[in-house]
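Annotation source Swiss-Prot lists repeat 'PPR 1' at 102-132. The repeat 'PPR 2' feature in Swiss-Prot is assigned to 138-172. Summarising the annotation, Swiss-Prot assigns repeat 'PPR 3' to 175-205. Per Swiss-Prot, repeat 'PPR 4' is recorded for 209-243. Marked as repeat 'PPR 5' by Swiss-Prot: 244-278. Taken from Swiss-Prot, the feature repeat 'PPR 6' covers 279-313. The annotation repeat 'PPR 7' is assigned in Swiss-Prot to 314-348. The feature repeat 'PPR 8' is assigned by Swiss-Prot to 349-385. Look at Swiss-Prot and you will find 386-420 tagged as repeat 'PPR 9'.
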Amino acid sequence: MLQKISSDSYRRLLAPVLSSSSSLSSTSINRTEIERITIIINGHPFPNHPIQPILAKHIPLSSLSPEFVSEVLGRLFAAHSNGLKALEFFKYSLKSSKSSPTSDSFEKTLHILARMRYFDQAWALMAEVRKDYPNLLSFKSMSILLCKIAKFGSYEETLEAFVKMEKEIFRKKFGVDEFNILLRAFCTEREMKEARSIFEKLHSRFNPDVKTMNILLLGFKEAGDVTATELFYHEMVKRGFKPNSVTYGIRIDGFCKKRNFGEALRLFEDMDRLDFDITVQILTTLIHGSGVARNKIKARQLFDEISKRGLTPDCGAYNALMSSLMKCGDVSGAIKVMKEMEEKGIEPDSVTFHSMFIGMMKSKEFGFNGVCEYYQKMKERSLVPKTPTIVMLMKLFCHNGEVNLGLDLWKYMLEKGYCPHGHALELLTTALCARRRANDAFECSWQTVERGRCVSEPVYRMLETSLSSNNELKKLEELKEEIQKLHSFLPPPEIQLM
């Protein structure tokens, strides 16, 4: 059976974690305190009970610092928390006379709201900030909202949002920087037809720069069309724009992803010849390209090139080398690189473990047992994986009949204050119900809803079938009531973007 957090344990979590007599500074922020606050917020049964009284009781306003607020919001974002909870916490922080809000905290709150399609609340927050804290409005906050509107809305709605920001929120005449943000919104969603249309329609007004052209070039590259990328590059040059190192980096990445590693290396040589700055990021891209080309010797040569050029390899460079070795089937070599990385004092991150998991899954030598070993190492480091890794591990555990490991992963995520992705819940529910463990599946679904996230229709139907056969329909009715309450606070299917 899946164990609930006991009432005593939860009360310990709710014990005041911050002393009202001392303020948290950037040097004294404690990871455990951040985690405990995240668990309190994420685990609170909102909207059934208001969250502000809990915040007031357990987080004294006098103890809040801008860094602490930003760290908590960052954890709530990573934890896929309900947007309204994040908004309530941000608003609570505004009550502190000692802690002025920061752009970072505002942007994180806005991002959490927009990601969950709470557009009414996002616009209201923008308007409130415009009125009370206008200095918090930034290019980044504009980009966050426009990108999500471009994702969930239409071409026309995105343009209307751009005009609304100019006239009602920022209240100034927009220039090329804002124009670039609008283009990036469409390019991020790989809507290159729309991005090109915007460019042709408005470029005479905004006088585009090389950054404008690089944004469009990146859009074509991300759309996976290397031919269109190169055609636009030549158009860019024809229009009189001078390519820079960013331009070359985009083109190199495009060729690497399309397995045209030779062309990527030719561009790299051109960069050297033209005396462009060679960055760790450029070399990291080429290391990834070596892996795609299944050339582990070149991957190592390029990695060593970083130090030869007086640069310092970062976690991303090590991850690229490990990933390339994994693609070439050299799992043992990747393990050695990970040890080398740790010896240099560079901490492995979620991408490191994701690469290790993928490599071991494909390896006959390490296989499932190797994944389990590194899963435990990840937990020992208190490292929380990103959503793709969670879903991948859940699928692996459940499909290999190790449903208890799936439950262990679920419990670990909740203990860290995270609400696992809906697809992870579907995988776990399917495996549990297939093994006649409907009560455990119900508990996972209840925990999801309690944290302000809805369960999918397939999950509910599986529970309905399994619990009906066990004569436990009362549980199902309770869950249905909670879902209906939650739906009243979630954005409707037909959302208002403006």
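Even glycines carry a Cβ here, placed using N, Cα and C.
Tertiary neighbourhood of the repeat 'PPR 2' (138-172): same-chain residues 103, 106-107, 110-111, 114-115, 117, 119, 122-123, 126-127, 130, 178, 181-182, 184-186, 188-189, 191, 194, 197-198, 495, 497-498, selected by CB-CB distance under 8 Å and a gap of 6+ residues from either end. Summarised by DSSP class, the composition of the repeat 'PPR 7' (314-348) is 26 helix, 0 strand, 9 coil. Listed as Cβ neighbours of the repeat 'PPR 7' (314-348) (distance under 8 Å, sequence separation of 6 or more from its ends, same chain) are residues 280-281, 283-285, 287-288, 290-292, 294-296, 299-300, 303, 306, 355-356, 358-360, 362-363, 365-366, 370, 381, 383. Helix, strand and coil counts under DSSP for the repeat 'PPR 3' (175-205) come to 27 helix, 0 strand, 4 coil. Note on the repeat 'PPR 3' (175-205): residues 139, 142-143, 146-147, 149-151, 155, 158-159, 162, 165-166, 211-212, 215-216, 218-220, 222-223, 225, 228 of its chain, located 6 or more positions outside it, place their CB under 8 angstroms from a CB of the stretch.
For the repeat 'PPR 5' (244-278), the DSSP counts in helix, strand and coil order read 26 helix, 0 strand, 9 coil. According to DSSP, the repeat 'PPR 6' (279-313) comprises 26 helix, 0 strand, 9 coil. Taken through DSSP, the repeat 'PPR 4' (209-243) splits into 26 helix, 0 strand, 9 coil. If you look at the repeat 'PPR 6' (279-313), the same-chain residues 6 or more away from its ends with a CB under 8 A from one of its CBs are 245, 248-249, 252-253, 255-257, 259, 261, 264-265, 268, 271, 320-321, 323-328, 330, 333, 346. Helix, strand and coil counts from DSSP across the repeat 'PPR 8' (349-385) read 26 helix, 0 strand, 11 coil. Over the repeat 'PPR 8' (349-385) the predicted model carries a mean pLDDT of 94.
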